[in-house]
Amino acid sequence: IDECESNPCENGGVCSDAINAYTCACPDGFIGDRCEEDVDECESSPCQNGGVCTDGVNSYTCACADGFTGDNCENDNDECESSPCQNGGVCTDGDNSYTCTCADGFTGENCEKNVDECESSPCQNGGVCTDGINSYTCACADGFTGDNCENDNDECESSPCQNGGSCMDGDNFYTCTCADGFTGENCEKNVDACESSPCQNGGSCTDGVNSYTCACVDGFTGDRCEENVDECESSPCQNGGSCTDGVNSYTCACVDGFTGDRCEI
């Protein structure tokens, strides 16, 4: 009897008849007396790095986790291969990831952002900050210097106050306290002491430094020519004549029997 007549071998197995028996030569991927069992190629866990194995006929396929390739997911993809780190950043490959170590002055996942060094408002005293690469520059307001505009210029350093004036420094300005007799922003002007016409009775005024002098006309004296000279003081009238003082003159009233400007006759 041909025991192979009933085709007992499954899945393409080749039947060989024997005496009251048969044997099946199974194709690759099947086992069992009748080749009825599919060999599980996933049993040995061939898929690495978290890959998911799907059994086939005498085969398997691996669905790899992100970041891995290869028949068995044995290859770790180099995420740094595409040079994702910008602006001089250094890339370190990981499992389906990478990290960028950024150069000074840059930040962000890919070092794509320039750090704003002006964010901390480093420029003082009204200075305007301009951001650079890992740097900043300050445009200082008038009267200030220094990397951060931290230095207040000494506007008194040039000794702007003249004629003994005292200088007081301010923020981009100075003030002068002038000595007596001087005025002006820099004490450059001599005060005209003659402006108030201090000399009386026709006297001529000459301005000095915080002073004036009066040249008096004949008949007047005093700092301001305020005093009429007493021409009678020298007793010019003789022989008992009476003296009357005038302006730069005198008159004599003679007693009976005498005459002349000074009653001398």
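Glycine is treated like the rest: Cβ placed from N, Cα and C.
Here's what TrEMBL has on this protein:
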- 1-36: domain 'EGF-like' (DOMAIN)
- C26-C35: disulfide bond (DISULFID)
- 38-74: domain 'EGF-like' (DOMAIN)
- C64-C73: disulfide bond (DISULFID)
- 76-112: domain 'EGF-like' (DOMAIN)
- C102-C111: disulfide bond (DISULFID)
- 114-150: domain 'EGF-like' (DOMAIN)
- C140-C149: disulfide bond (DISULFID)
- 152-188: domain 'EGF-like' (DOMAIN)
- C178-C187: disulfide bond (DISULFID)
- 190-226: domain 'EGF-like' (DOMAIN)
- C216-C225: disulfide bond (DISULFID)
- 228-264: domain 'EGF-like' (DOMAIN)
- C254-C263: disulfide bond (DISULFID)
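Taking Cβ-Cβ distances under 8 Å and a sequence separation of 6 or more, the neighbours of C111 (disulfide bond) in its chain are C85, Q86, N87, G88, G89, C100, C102, A103.
In this structure the alpha carbons, written CA, of C225 (disulfide bond) and C263 (disulfide bond) are 31 Å apart.
Cβ neighbour count for C187 (disulfide bond): 21 (other Cβ atoms within 10 Å of its Cβ, all protein chains included). Same-chain residues lying 6+ beyond the ends of the domain 'EGF-like' (114-150) with a Cβ under 8 Å from its Cβ atoms: 87, 103-107, 171-173. Cβ neighbour count for C263 (disulfide bond) (all protein chains, 10 Å cutoff from its Cβ): 20. Residues of the domain 'EGF-like' (228-264) grouped by DSSP class, helix first, strand second and coil last, total 4 helix, 9 strand, 24 coil.
Closest to C254 (disulfide bond) in space, going by CA atoms and restricting to the disulfide-bonded residues C35, C64, C187, is C187. Checked against C26 (disulfide bond), the disulfide-bonded residues C64, C140, C149, C187, C216 differ in C-alpha distance, with C64 being the nearest.
Assigned with DSSP, the residues of the domain 'EGF-like' (76-112) fall into helix, strand and coil as follows: 0 helix, 13 strand, 24 coil. C149 (disulfide bond) sits 31 Å from C178 (disulfide bond), taking the CA atoms of both as reference points.
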